[in-house]
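Student: If you look up Swiss-Prot, you'll see 1-17, 72-94, 157-188, 261-271 marked as topological domain 'Extracellular', on the strength of sequence analysis. What Swiss-Prot lists as transmembrane segment is 18-38, 51-71, 95-115, 136-156, 189-209, 240-260, 272-292. As annotated by Swiss-Prot, topological domain 'Cytoplasmic' applies to 39-50, 116-135, 210-239, 293-311, with the evidence given as sequence analysis. Annotated disulfide bond per Swiss-Prot: Cys86-Cys173, in sequence order. Annotation source Swiss-Prot lists N-linked glycosylation site at Asn160, citing sequence analysis.
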Amino acid sequence: MMNKNSRLYTDSNIRNTFFAEIGIGVSANSLLLLFNIFKLICGQRSRLTDLPIGLLSLINLLMLLMTAFIATDTFISWRGWDDIICKSLLYLYRTFRGLSLCTSCLLSVLQAIILSPRSSCLAKFKHKPSHHISCAILSLSVLYMFISSHLLVSIIATPNLTTNDFIHVTQWCSILPMSYLMQSMFSTLLAIRDVFLISLMVLSTWYMVALLCRHRKQTRHLQGTSLSPKASPEQRATRSILMLMSLFVLMSVFDSIVCSSRTMYLNDPISYSYQLFMVHIYATVSPFVFIVTEKHIVNSLRSMCVKVMNV
């Protein structure tokens with residue numbers, strides 16, 4: 001049995017911190033998802049980004065729930081899992097992580113489209129129906145599920161196995177070593193996907209920052225520097241997306257650094273625990289970014305609380 005996990009589930013501080021992070025993330029994403037469902041049921045006017053925001057909260061919620069279940073095999077002495085459970089859980093977890101990346105990228109691009117002026121070539125996409133967004137998300141989902149399909153073959157249950165030839169994921173689940181050709185092919189596909197989506201995020205973020213800076217200069221020129229113009233809903237939404245994308249890129253860099261160090265030191269439980277914690281910060285914090293920065297969400301939640309208190 002691998003030493004790092006046996007040491008991890010005996011450390012109550014690491015275990016409690018990790019499950020506290022998961023609990024906070026599940027609660028926040030559930031709240032944001034329920035708000036979007038409530039908004040849809042009440043027939044309120046939806047924005048172009050409402051569907052991706054609701055979908056992102058659902059994906060993060062499912063990923064965190066899946067993480068909590070998988071973590072029982074990492075931090076808690078648990079009965080053994082068979083191949084089917086290992087393959088299903090880890091494949092779904094990796095799929096949800098990929099979908100979170102795809103949806104975040106789509107959200108960034110859509111917000112750039114919303115903020116674009118009428119003279120921009122992106123303005124024609126503002127009034128596209130929501131089923132175009134659904135098709136884009138579905139296409140990205142199918143593509144990523146195909147890229148991750150090798151996990152259904154390479155993930156196996158490894159009870160009472162101590163060899164270092166396997167990449168241990170949890171106490172009972174490991175990844176079989178692949179041939180150099182297969183490993184290179186899937187690594188290249190994943191690298192192309194990540195570089196493309198993150199580059200698209202960076203470009204759309206840079207475009208939004210440029211538009212916001214230009215708008216601020218124009219507003220100051222028209223109203224004078226003594227006045228502080230009130231931010232429009234589109235600008236507030238853009239700032240929340242910018243915060244979200246900055247957090248995502250930062251967490252991706254940290255995850256890459258920790259993952260590289262874990263590759264160098266396979267039996268180091270400290271780097272493994274850091275990776276477990278860091279990789280889920282984005283899914284935990286992202287709903288708070290929307291809840292805090294979007295005034296209509298805060299006002300709606302406040303009115304709902306008042307109604308509940310008056311019942």
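Cβ coordinates are placed from backbone N, Cα and C, and glycine is handled just like the others.
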Student: Find the member of 18-38, 51-71, 95-115, 189-209, 272-292 that has more C-beta pairs under 8 Å to the transmembrane segment (136-156) than any other listed stretch.
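Tutor: Maximum Cβ contact count belongs to 95-115.
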Student: Count, for each of 18-38, 51-71, 95-115, the Cβ pairs lying under 8 Å from the transmembrane segment (272-292), and report the range with the highest count.
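Tutor: The stretch with the most close Cβ contacts to the transmembrane segment (272-292) is 18-38.
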Student: Counting across all protein chains present, how many other Cβ atoms fall within 10 Å of the Cβ of Cys86 (disulfide bond)?
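Tutor: So the number of other Cβ atoms within 10 Å of Cys86 (disulfide bond) is 24.
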Student: Taking the topological domain 'Extracellular' (261-271) alone, what is its mean pLDDT?
Tutor: 55
